[in-house]
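The compositional bias 'Acidic residues' annotation in TrEMBL covers 108-121. Taken from TrEMBL, the feature compositional bias 'Basic and acidic residues' covers 514-536. Here TrEMBL flags 95-138, 514-551 as region 'Disordered'. Under the heading repeat 'WD', TrEMBL lists 149-181, 250-292, 299-331, 345-380.
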Amino acid sequence: DDDDWFGVITGDSSSDADLSSVMGFSGFGKKARTFDLEAMFEQTRRTAIERSQHILENKTVWFIINTVFMPILKKNRFVPSSCVCVNRKQDSDVIAPPLPPALGAQTEESDDDDDDDEDDVVGPPLPPGYKHSTANPVKKIPDTHEITLQHGSKSVSALALDPSGARLVTGGYDYDVRFWDFAGMDAALHAFRSLQPCECHQIRSLQYSVTGDVILVVAGNSQAKVLDRDGFQVLECIKGDQYIVDMANTKGHTAMLNGGCWHPKIKEEFLTCSNDGTVRTWDLNSEKKHKSVFKPRSLQGKRVTPTCCTYSRDGKLIAAGCQDGTIQIWDRNLSVHTKFHCRQAHAAGSDTTCLAFSYDGVTLASRGGDDTLKTWDIRNFRKPLAAVTGLTSFFPMTDCCFSPDDKLLLTGTSVKKDEGNGKLLFFERESLRKVYEIEVADASVVRCLWHPKLNQIMVGTGNGLAKVYYDPVKSQRGAMLCVVKSKRKEKHAETLTQDYIITPHALPMFREARQRSTRKQLEKDRLDPVRSHKPEPPMSGPGRGGRVAAHGGTLSSFIVKNIALDKTDDSNPREAILRHAKEAAENPYWVAPAYKQKNI
């Protein structure tokens, strides 16, 4: 019976034989079952090896399909370009590049929707070949409401939102940087702080770090600054030696800065580009020297000026748009040679105003000074995927950015004074077909920013306005926090609103309470010199209270005046002493009585 035995793990049976001979019996009943541990371990190891080989073979097959056959099918357009071959039987053994976050979320939602549709089918069956229509990305644009923030009278050349979307920072050609707190503002929409961090230099770029605790300020000087959330300086980059020919041997920039941005993953690292022909990375903990230097070069090997720079979404690539029309991309860890290079991205001599990577990290959008907007596939960087012309740009920092779902691309246009309105244009990512536009103001649209968490669009204009577009249904927090608050009431003198009958002889129980008015109290306070902080009038007559009235009103001026009025001539000291000799002899008081002998 299997229930009557028990197992004992042992390695030697000689001790049982010795014990049976001494005790005088042959054994203890049923013999205990023994286990060979080494054999068990060996069998387990072989099973694991066989399973690993089987999984590896499956992975190899799917890897070959995705890397060899799928590119050929995509090139010949047998399958869509976004198609990826996946082993459905083994979800844990998927071999393929990871799907973009937006695409992955859409795939999961579509799978869930399909399952729900299969479970909850109501009505007649759909005709064969019918496909569910995808959601229109234009409907996700939050443009039903807007608020206007008055930055100043000159162009808003920089915009930045912290990652949480609680604070907005604006910078302009008037040298000011203004801080806006959506949660702390009311309907009056006033900034809670304004400062000039770079004195008389125009603000070129602003950006919050990935953690939102510091702000990078890039102005028209050669030294970028880092401020904390309240505007206090944390770091100022060092200035390089402008007399050194090789810019790699200097510790910092030597000419005006054009742009800068934070690393998307490393919170202490940021990037700047300058007219000295270099792109430099910096460490927040080391202000004495840059971290690394990238030097753009023309086809002839000459120095060219980078006008804009950015990191890729994963932070592994650094891209720069240059004045000769080229776009040059380096590996962040290899600063000598470019990894991707396009020589004729935009017209030579025009400033590339903005570079932006898509959220999936595959597409690069470039806004050129030649009034064009182009998209590029960094895996095939020789020619653009699509291009749009006729987008007027008068500013060297005209923006372009992707929508949070990566389906739209937006940018602004510039206009001359009294010649129309600046527009915010929306294009499809794949074909750059214009699908929507917003007329912002009767001035140029310089900066644009679409925050992914808030789903709100921030726009900086050429007449000093910063506009925020939002939708109460599709957007979250941000501008919606301050528009619901009423304006703070201004303090003013209140007057009586109704007649008051004075009855001095009425009994206390029938006497009407006297109405109080703040106007009379303010009038009394106005007559009180202490409460109204009345300035002290000039002194007349003799001084009092420590103040001297005549000639200046200060003690020093009074002493100088008295010394100047002393007309005595002390040029002959002997005559000045002998002048008192007669009075001293006739009426000795100080010295003579001390030497007079007394009769004892």
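Using N, Cα and C of the backbone, Cβ positions are placed for all residues, glycine too.
TrEMBL labels come from automatic prediction, so no person has curated them.
Computed over the repeat 'WD' (299-331), the whole-number mean pLDDT of the model equals 92. Of the recorded ranges 149-181, 250-292, 345-380, the repeat 'WD' (299-331) has the largest number of C-beta contacts under 8 angstroms with 345-380.
Sequence-distant contacts of the repeat 'WD' (250-292) (same chain, at least 6 residues past either end, Cβ-Cβ under 8 Å): 204-205, 207-211, 213-214, 216, 218-224, 226, 234-242, 244, 303-315, 318, 320, 332, 335, 396-397.
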